[in-house]
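Chemist: Please see the structure below; I have some questions.
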Amino acid sequence: MILEKGQISSAQLFFLVNCFIQGALLPLNFAYPISKHDTWLAVIAAMIIGSVIALVYISLAGLFPGQNLVQINDLIYGPYLGKFISLQYILFFLMTLSGYLWFISDFVLTFIMPETPISSIMIMFSFICAWAVRQGIEVITRMSVVFSVIPASIVFITFALLLKDMEFTNLLPLFESPPGDLFQSTHIIMHISFSQVLVFLMVIPYVNKQGPSKTPILLGMLSGGMVILVSSIRNIAALGPLSGIVTSPSLEAVRLINIGKILTRLEILVAMAEILLLFIISCVFYYATVLGLAHISKLRTYVPLVVPIGILSIILSLLSYESRMQVSHSIMYITPIVSLYFYIVLPFMSLIVAKLRKLPRNKGRN
Amino acid sequence: MLFLIVCAFSGVILFEVPSLIRNKYWRELVVFSALLSISFIIVVLQTLGFQLPSPAKGLDYIVENVLHLNYH
């Protein structure tokens, strides 16, 4: 049963992962209030720990070549328990998708179009995502090549333009925030960007050369992480103690650019970059949800499920979240704990159970 | 408002269902209609003014006040 006929190359996988990690440019502002000017240390720590955890996902995919997350769960836990665990994953992906939909609509509402009803932005955004997902994974990855270059170049250009306003002494009292706060901030950054690489277990089977999926994913994580690191250093050095207070440090920092009173108000560039990146992230989560659901209910094509899942995710995000305060509190204090179960406990358990049952060898003999 | 919702959902049905029936994808049709009817019921209830519980708030309540697992 092959639901996805498209194939992607490992270079395209690298760009997709790069885009996916860079998408944390704006969600990163949930970490600034907790570890104020030490956030860049938290980014480095999250990058290292996230790469180590990604090795678990990659080895899980390497044990079962050509199988996605739902099929792997079926093989490891048997048909019934495996279906139950896959269903949990799909619900989690759906909740994440609705969270991202809410985040982008709230972002557009706050900074660009303040008087628009939130549901209209959500509907337009998810319509485009649904269009991309209906075309398959090939189209999404081909877009990601362009979409990963634009935001990275915007980050580096704004870094260069802001150099004269920066004071690097703002970074200096290292490890000033208590270790608990630093740990919490690392955990937040991990669960909004680096650990979400788990969703690529649904994409890895469609890479045309099955062997080396390890290098593109790790390289993509590291290069995307470097972009986030540069942007966080830029924000802290330009804003100083203000970076923990403002709603969106990236936008506020870029707003400071003033070169000869001609190059000003460049924050719309950051907004553009963020919309492109969040589009890729939402597409990947959307695709994983739809494909997983189609695999669970043993369908022959996943295309008819795209629109109902889109409607369901819009409804979920309108029902779930009502204010920015609620989302910030939830992301800063609660969802790191919830996502621990999906990002760390279940994959480790799957790997251990697979090793104990000596699974791939048995399958080869049959 | 209700009229608009019915229009949107019938648009989705007209968009998807004919090709499903033509290709005899009955299993796909069942899953599609189940998902679409769940979302239709929730949307209609929401439009008629029923206060539906928020899943994210429920999760927050369970994690924070029942399990006492959080960063505070």
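Positions of Cβ are set from backbone N, Cα and C atoms, glycine also.
Keep in mind that TrEMBL annotations are predicted by a computer and have not been checked by a curator.
A quick note: this is a predicted structure, and the numbers were derived from the prediction, not measured.
Annotations for this protein, taken from TrEMBL, read as follows:
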- A:12-34: transmembrane segment (TRANSMEM)
- A:40-64: transmembrane segment (TRANSMEM)
- A:84-104: transmembrane segment (TRANSMEM)
- A:116-133: transmembrane segment (TRANSMEM)
- A:145-163: transmembrane segment (TRANSMEM)
- A:183-204: transmembrane segment (TRANSMEM)
- A:216-237: transmembrane segment (TRANSMEM)
- A:268-290: transmembrane segment (TRANSMEM)
- A:302-321: transmembrane segment (TRANSMEM)
- A:333-354: transmembrane segment (TRANSMEM)
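Help me see these features in their spatial surroundings.
Modeler: Within the chain, the transmembrane segment (A:84-104) has long-range Cβ neighbours (under 8 A, six or more residues past its boundaries) at 26-27, 69-70, 73-74, 77, 118, 121-122, 125-126, 196, 199, 274-275, 278, 281-282, 285-286, 288-289, 292-293, 295-296, 309, 312-314, 316-317, 320-321, 327, 339, 342, 346.
Sequence-distant contacts of the transmembrane segment (A:145-163) (same chain, six or more residues past either end, CB-CB distance under 8 Å): 12, 15-16, 18-19, 22, 25, 224, 227, 230-231, 234, 238, 253-254, 256-257, 259, 263, 266, 269-270, 272-274, 276-277, 279-280.
Sequence-remote contacts of a segment are chain residues at least 6 beyond its ends whose Cβ falls under 8 Å from one of its Cβ atoms, and for the transmembrane segment (A:183-204) they are 8, 13, 16-17, 20-21, 23-24, 27-28, 30-31, 34-35, 38-39, 42-43, 45-47, 49-51, 53-54, 57-58, 60-61, 68-70, 72, 93, 96, 137, 177, 213, 217, 221, 224-225, 228, 281, 284-285, 287-288, 291-292, 331-332, 335-336, 339-340, 342-344, 347.
Residues 10-11, 13-22, 24-25, 28, 32, 37, 39-40, 43-44, 46-47, 50-51, 54-55, 58, 148, 151-152, 155-156, 158-159, 162, 166-168, 170-171, 193-194, 197, 200, 204, 207, 243, 249-250, 252-253 of the same chain lie 6 or more positions beyond the ends of the transmembrane segment (A:216-237) yet place their CB under 8 Å from a CB of it.
Through the fold, the transmembrane segment (A:333-354) approaches residues 53, 56-57, 59-60, 63, 72-73, 76-77, 85, 88-89, 92, 184, 187-188, 190-191, 195-196, 198, 360 of its own chain, all at least 6 residues removed from its boundaries and within a Cβ separation under 8 Å.
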Chemist: Counting Cβ pairs under 8 Å to the transmembrane segment (A:12-34), which of A:40-64, A:116-133, A:268-290, A:302-321 comes out on top?
Modeler: A:268-290
Chemist: Within this structure, do the transmembrane segment (A:268-290) and the transmembrane segment (A:116-133) have 3 or more Cβ pairs under 8 angstroms, counting pairs 6 or more apart in sequence?
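Modeler: Counting Cβ pairs under 8 Å (6 or more apart in sequence), the transmembrane segment (A:116-133) reaches the transmembrane segment (A:268-290), since there are 3 or more.
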Chemist: Mind checking which residues reach the transmembrane segment (A:40-64)? Cβ under 8 Å, same chain, six or more beyond either end.
Modeler: 28, 31, 71-72, 75, 171, 174-175, 182, 185-187, 189-190, 193-195, 197-198, 200-201, 204-205, 213-214, 217-218, 221-222, 225, 228-229, 232-233, 236, 343-344, 347-348, 350-351, 354, 359-360
